[in-house]
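Colleague: Got these off Swiss-Prot a minute ago, pasting:
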- Glu64, Leu85, Asp86, Gly87, Thr88, Asp205: substrate binding site (BINDING)
- Glu64, Asp83, Leu85: Mg(2+) 1 binding site (BINDING)
- Asp83, Asp86, Asp205: Mg(2+) 2 binding site (BINDING)
Amino acid sequence: MLDQVCQLARNAGDAIMQVYDGTKPMDVVSKADNSPVTAADIAAHTVIMDGLRTLTPDVPVLSEEDPPGWEVRQHWQRYWLVDPLDGTKEFIKRNGEFTVNIALIDHGKPILGVVYAPVMNVMYSAAEGKAWKEECGVRKQIQVRDARPPLVVISRSHADAELKEYLQQLGEHQTTSIGSSLKFCLVAEGQAQLYPRFGPTNIWDTAAGHAVAAAAGAHVHDWQGKPLDYTPRESFLNPGFRVSIY
């Protein structure tokens, strides 16, 4: 099933690129929480929803662009968790650092994940405890790697005081910044060793990247040391967390 989901992410990426390259208008509007949404978000959402309903008609889908109410979700044990365009701010800035995120959740755990970066044409995927990166038609297994000093990857759009204080106390390290779920993927492929997050995220922002990072050997825990959990709950918000090889 992983190959079909990867193809679905590519199809969604193609829909996004039609807007990104100007073939179709961007049509930026603000949602209720003041976050931006574009025609590309909606186009990718439609592609993925249609594809998953065909692929697994009995498995419900939670997408950022049309999340079902709590009364619908509360008893879900297995479901798809989708962010059709993760990094909308990066998309609007046209820096290429945005992704299509698709994850399969089973009893609170992301057991399959796909993160596709359309501009870079790079696909990260994970299933059955293994993670892969596909680039230029070549697919290879990836895993975490230690480095000294460690490289810490941080958000390009969400710096905050807590993060600055954490980095000051961390000891010797280097930092790099990148948008969207690519932060999880840098840890997964051994380029970075730590991704700390204090600012707000939603479950669809993290599930696919979580699957990839965990399958590559990283730990994805909240600041109390518990694994991020995707068991349905009323709020879509995650606690703060860190993705680490340590």
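Heads up, the Cβ atoms here are built off N, Cα and C, so glycines get one too.
If you look at the structure here, what lies around each of the features I listed?
Modeller: In the three-state DSSP assignment, the secondary structure recorded for Thr88 (substrate binding site) is helix.
Around Glu64 (substrate binding site), the C-beta neighbours below 8 angstroms that are at least 6 residues distant in the chain are Asp41, His45, Val82, Asp83, Pro84, Asn202, Trp204.
A strand conformation is recorded for Asp83 (Mg(2+) 1 binding site) in the three-state DSSP classification.
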Colleague: Counting Cβ atoms within 10 Å across all protein chains shown, which of the binding-site residues Asp83, Asp86, Asp205 comes out on top?
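Modeller: The largest 10 Å Cβ neighbour count belongs to Asp83.
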Colleague: Given the binding-site residues Leu85, Gly87, Thr88, which one is most crowded in terms of C-beta atoms within 10 angstroms?
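Modeller: The residue with the most neighbouring Cβ atoms within 10 Å is Leu85.
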Colleague: I need the neighbours of the substrate site defined by Glu64, Leu85, Asp86, Gly87, Thr88, Asp205. Which other residues of that chain put their C-beta within 8 angstroms of the C-beta centroid, in sequence order?
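Modeller: Residues close to the substrate site, other than Glu64, Leu85, Asp86, Gly87, Thr88, Asp205: Asp41, Asp83, Pro84, Phe98, Thr99, Asn101, Ser180, Trp204.
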Colleague: If you take the centroid of the Cβ atoms of Asp83, Asp86, Asp205, the listed Mg(2+) 2 site, which other residues of that chain have their Cβ within 8 Å of it?
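Modeller: Near the Mg(2+) 2 site, beyond Asp83, Asp86, Asp205, sit Glu64, Leu85, Gly87, Thr99, Asn101, Ser180, Ser181, Asn202, Trp204, Thr206, Ala208.
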